[in-house]
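I have placed the structure first, in the form of structure tokens, so that the comments after it can refer back to it.
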């Protein structure tokens, strides 16, 4: 397996339904609610060589008697040219910018071309390289286009100078051959023109739908196989079966989505489109099986439980591995993967899948568990201890023994089954052996975190109760703190106001004292001045005699 890593794993459906295998004890697993839904074979595929399809967008009409003027064909030609002009210009720009001689210059030209187009993804760079290679073989492509221009076959093989096989598909030529050629000489020109116009209009509508992304986006947008199917019509299966050789049938290859196309060239002269298709090569690995498992709930001592098994397993050489296929493309008949996702499984699961039911691990289910029944291959599997299982034909209620995990109902037991509000038509007979010697009473019940809802709910309830208690305590302390803070704030404000009041009063008293002192000084000065005015002689004598000793 180590040298298969460049390949891609593809799982192709070989069997469907309940089919037993060597390593897995399918019949015994049914008793505990494990159902094998599909068994697939393992295949590898790698990229194959490129193939080319030439699509002719205009039909070849037989020459008329010279009196008919088919105007609808000219109108279709003009409309189609307008429709494809952006795509033609886009391809021409890529080819022109990237047309250099050396490999290094060519790669640089691709980058320049992508920059000019405003795109830069890895997929588009790869697509641009393909267009460059096609442009290098422009002469061969033109010869190929010219060689198919005169043919009326819907599918024809053309081999160019490099021996590249291309399939020329003229998608509407069959319609023209069947509807026009036989009656071109007998009906009126107007009728032929109208008929041709209606066919061309329908096909033009399909072309508009197919190339919408290419018209509104760069030409490097890939075509899906659905677009190719619409474009090529009924000729596509013929093309695939004759040219795209694989180990898969046409329907399987188309549904896998692995077949995609890309427009690499358009001939404006002939209105032909060259599409490149890469087809993978498939190799089957003998003896390998990939099995899908469905696990429904089962009854254990009147309690609903579910067994722990992988959703998909790989059986090879009598060994079992887990195979999730998370990165795979799933179709109704295949699962295609880029790598092998096989991984070991626990010993208990291995023994359980081998039929040792006492090694199986179950987890309890509390609440509404939806996987209580499964309908596979015309037989109904249900946990009738957790569901109301009522048969409508013949009318009766299906009872399930306490020691049984599930009930298996086939057409012998009931032809129309009612599960709660669901109605099922039973169409098949259950052929497997139902093992009755295993009792769910002795089952190994283990509480696992992924499905142990009861413990999870209890843990959540405890956490919620603890959170509520903490919130209550927090609110109490917050209220206490709020009250204490309010009292402290009021006391502080009162103290500050008191201090401010005392300061203001002190300042007022000091101001009053100073004012009174100034008033006394002013009065004393005024009295002295009055005495001086009233006794001038006294002051004159005093000054001469210096009675007060003032110099």
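Placement of Cβ uses the backbone N, Cα and C atoms for every residue, glycine included.
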| note | Checking 493-513, 514-534 against Swiss-Prot, the stretch recorded as transmembrane segment is 493-513
| remark: Simplified to three states, DSSP reports residue 90 (N-linked glycosylation site) as helix
| note | Spacing of the two Cα atoms, residue 352 (disulfide bond) and residue 391 (disulfide bond), in whole angstrom, works out to 32
| query | Between 0 and 100, where does the mean pLDDT of the coiled coil (132-160) sit? | reply | 54
| request: Using residue 77 (N-linked glycosylation site) as the reference point, find which of the recorded positions 90, 360, 391 has the shortest Cα-to-Cα distance to it. | output: 90
| query | Rounded to an integer, what is the Cα-Cα distance in Å between residue 328 (disulfide bond) and residue 414 (disulfide bond)? | reply | 38
| task | Using DSSP reduced to three states, classify residue 77 (N-linked glycosylation site) as helix, strand or coil. | result | helix
| If you count the C-beta atoms lying within 10 Å of each candidate's C-beta, which of the glycosylation sites 69, 77, 90 ends up with the smallest number? | 69
| task | Compute the C-alpha separation of residue 414 (disulfide bond) from residue 389 (disulfide bond), stating it in Å without decimals. | result | 11
